[in-house]
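A.B. asks: Next up is a structure, given as structure tokens.
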Amino acid sequence: MKVVVWLAEGTWQACVDAAAEVAPPSASITLLHVTDPALASDVSDAYAGLVGRGSGTRDPGRALDAEAAHAAEAMLAAAAARLDRASSPQQRRGRLEREVVSAAEGADLLVVARDGPVTRLGPRSLNPPTRFVVDHAPCAVLLVWPTAPPPVDTIPPPPPHKAAPPHKAAPPPPPHHR
Amino acid sequence: MWAVLLLAVVLAFAVVRPRGLPEAAAAVPAAAIAVGGGLVSWAAARDEMIMLGPTVGFLAAILALAHLADAWGVFGFAGALAARAARGSPTRLLTVVFGIAAAVTAVLSLDATVVLLTPVVFATAAAAGVRARPQVYACTHLANAGSLLLPVANLTNLLAFSATGLTFLGFAGTMALPWLAVLAVEYAVFRWFFAGDLATPARPQPVAPSPAPRFALVVLALTLAGFAAAEPMGVAPAWVAAGGAVVLAVPLVARASAKGRTARDIALSTNPLFCFFVFGLGVVVLALRRNGLDDLIAALTPSSADLLGLLTVAALAALLANIVNNVPATLVLVPVVAHTPGLVLAALIGVNIGPNLTYVGSLATLLWRRILHARDEPPSTSAFLRLGAISVPACLLAAVVALWVALKLSTVL
């Protein structure tokens, strides 16, 4: 069994924990981190916008690139330590969603974390790249909450014009049996 | 017509930078051609350069001051401060970064924010486990939009400062309201635009306490106070900034093991080629102004500083800044509206906020860099462009209305 674990800032711990729980001992686990070069290149562009400043040696985009590589290494190392079993790291550069989908090719399971608001159950509990990955993944996807999931009653009520007719309304909640 | 061609060559060279040659390599010969070819008299060109002298001197000094502040650890300290204050919350980190970027831009000018603060902010966010996009874009946006407060914050402000007829504190007093309005609008736009990134939880990471670089912070504070205090005595801010830079430089050089190299790095941080570029550009733009551009711009600009007039000038300035870059836009616009100080300030609002629209300074730069990027990497997402399209019109409007209110208040009080 091949398991790919997508590590992203702020949520990767939950993915690693979930992988450790569900992957059988025989599974091969890949820890994946993707860096989107767009951020550093936008910063380079902003620097280029300051007319007349000259040579590229002071280009902050390059400094950002170096910092990003350093941060990715640190995250992969921390994730491997947290997983505490054999795994192989993989680093990619490009559009997050495209790289993750292509890294999941041939895998049996992709572990992904939600990355929207964690105080309620949706809507929009997935940012656009994550939504794309869940939509397009070429394998099974395990979608985990980065924190304890919020209670079910945090779902907003349905909009009035779509409310079910009275006779089909949901029955009152059963009494608690705790 | 020749003057148009000269300016086009200078700006195109600055965009393309063939063989990595400095921008001055085209601007200085172009200025020489403008004078030699009789487009502008030597006396006028000399007067222009004498007028630009204090501005360029200040520019060199403030670039060195920012470099020295970095060497003293001021930016690293700011990053640690932000991480501590954020306590693991992406939204709080954004708020703190807004404050720091606005302060750094106001005091040490926009170059310091883009070149020195942005990488520190990225590293801070990464260490805190926060997605860095909102905070990094905040630095690049506030470098432009946050540069309204003090005359020293932006080269454009320095170029226009004498035309406003205001004192250092008078400038800050009038622009404080527009500056705050812009910060508020940018903050609201960022909270909304990056809601997804900001909602992603982060786990608070322990932040190692970092000692404050007290000496450097005190020198910077005194330098800032010196800008305001020295002016009534007729001392140009360039001398105050240079004084601050020397006070910060001497202990660094004395302590360094490679004294020569440290001193050379500090000297190079003044970016002398940039200074030559500004001189050359000033002369080329003067040639263009003398050959019909002044009349054209004068026909386009309103003559009174009512709300509509302020809005028109700010919009025209923003448009011009996106076509030819904001420094030439300032050189072109300010002399034409110099008869009414309120309009000069409106022009500054336009040339300072406007660049966030194409964010690389001008349309030509944007297109050229897209071509370059297309070669090695797939074209990046257009998050920056969408962000600018939303924030720039809103900021312009808010800042101009705030300026109008500030001008009204100043005549009432």
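Glycine is no exception: its Cβ is also placed from the backbone N, Cα and C atoms.
According to TrEMBL:
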TRANSMEM  B:56-83  transmembrane segment
TRANSMEM  B:90-108  transmembrane segment
TRANSMEM  B:168-190  transmembrane segment
TRANSMEM  B:211-230  transmembrane segment
TRANSMEM  B:236-254  transmembrane segment
TRANSMEM  B:266-287  transmembrane segment
TRANSMEM  B:307-324  transmembrane segment
TRANSMEM  B:331-350  transmembrane segment
TRANSMEM  B:384-407  transmembrane segment
A.B. asks: Using a Cβ cut-off of under 8 Å, list the residues of the same chain at least 6 residues beyond the transmembrane segment (B:90-108) that approach it.
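C.D. replies: Same-chain contacts beyond the flanks: 62, 65-66, 69, 75, 78, 81-83, 116-117, 121, 124-125, 128, 130-131, 134-135, 138-139, 142-143, 146-147, 149-150, 152-154, 179, 183, 186-187, 190-191, 194, 197-200, 202, 220, 224.
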A.B. asks: Between the transmembrane segment (B:266-287) and the transmembrane segment (B:307-324), do 3 or more CB pairs sit under 8 angstroms, pairs being 6 or more residues apart?
C.D. replies: no
A.B. asks: Can you tell me which of B:56-83, B:266-287, B:331-350 gets the most C-beta pairs within less than 8 Å of the transmembrane segment (B:168-190)?
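C.D. replies: By the under-8 Å Cβ criterion, the transmembrane segment (B:168-190) pairs most with B:331-350.
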A.B. asks: Applying the under-8 angstroms CB criterion, which one of B:56-83, B:236-254, B:266-287, B:384-407 scores highest with the transmembrane segment (B:331-350)?
C.D. replies: B:384-407
